[in-house]
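Annotation source Swiss-Prot lists substrate binding site at Arg23, Gln24, Ala25, Gly26, Arg27, Asp72, Tyr147, Thr202, His316, citing sequence analysis. The site 'Transition state stabilizer' annotation in Swiss-Prot covers Asp72.
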Amino acid sequence: MNNRFLDACWGKPVDRTPVWLMRQAGRYLPEYMAVRSKCTFLELCKTPELAAEVTIQPIDILNVDAAILFSDILTPVEPMGLKLDFVPGPVFEHPVRTMADVEKLRIPNPEEDVPYVLDTIKILRRELAGRVPLIGFGGAPFTLACYMVEGKGSKDWANIKRMMYAAPDVYAALMDKVTMMDMEYLNAQIKAGAQAIQIFDTWGGVLSPTDYEKYVLPYTTKLINGLNRQNTPVIHFVKGAGTMLETVQKAGGDVMGLDWHVNLGKARDVLGQNMAVQGNLDPTVLYAPKEVIEAEVKRVLDENAGRPGHIFNLGHGILPTVPPENAIHMVECVHRLSQK
């Protein structure tokens, strides 16, 4: 088995830097689009055989060192009682705005309400047969709450911020419920066979460091502390968190995901030797000529300076129009340039 990814999560030495890409199963791959053309996005998420097929595609095509479950962070929110659609982005028909809305939300039972996610994990563990580890994932409580309150994507997330400041009791009740749901969901993924967990806090960086510490950190900390993670490393990725790495680190976890706005070496100095890091190439570099991609890969590796506990990744998801051959080249460069 290729254990490079798991070894790096635990800060152990590896023969070369492991690499995978956020959204590595996605629209930039013609093979993914061939499967996606037969069904809607939600149908793909809810059909275990198809979700497993697209999860494995980048392992075969890119030669990455880990697979990540194909799903969506909002998958477990729908059975809380919010109708979800994608048109093309996520839209909730009835956003959560009042205490009455929060009280209507239920805590789903993952085995009963999202069995397709757990079935996908079981199929993947069987089909991957130890080739690479399987990462499960979920949204962080704050990012999930952003979508639930806003009802859709937003540039300023004014509704969730208004709730935070003007109705803190409603915000706290919502975050408590979402955190409990998240804990049940991620523990069910671990039980089904996920070998690592990534928590995506895509919108945590829209808050000031003070507000993040007050309104987000307690819930993410509770979530991470509630995971059955004896042998399952947890990656915590907060996009836009470069100015508050020490605060984010207080949440716990084993690996800090970094976006491309921070120098990876300086981030490692701040975080200390006991926390592994993941990242952090700007996703748009994959539009560059191959020699530029190689130079940028080398720069990120040089910033890490050979320290153990580095997983190479993009600073956010791969973009849908990236040429697949550029992603293949990036992975090859990481492996070749980091070979011990």
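Sequential numbering from 1, following the chain as shown.
Glycine is treated like the rest: Cβ placed from N, Cα and C.
Ranking the binding-site residues Arg23, His316 by how many other Cβ atoms lie within 10 angstroms of each Cβ puts Arg23 at the bottom. With a 10 A radius on its CB, Ala25 (substrate binding site) counts 26 other CB atoms from all the protein chains. Cα spacing between Arg23 (substrate binding site) and Asp72 (site 'Transition state stabilizer'): 10 Å, rounded to the nearest whole number.
Cβ neighbour count for Asp72 (site 'Transition state stabilizer') (all protein chains, 10 Å cutoff from its Cβ): 18. DSSP assigns Tyr147 (substrate binding site) to a helix.
Largest Cα-to-Cα span within the substrate-binding set Arg23, Gln24, Ala25, Gly26, Arg27, Asp72, Tyr147, Thr202, His316: 23 Å. Over all protein chains present, the Cβ of Arg27 (substrate binding site) has 14 other Cβ atoms lying within 10 Å. Residue pair Arg27 (substrate binding site) / Asp72 (site 'Transition state stabilizer') shows a Cα separation of 14 Å.
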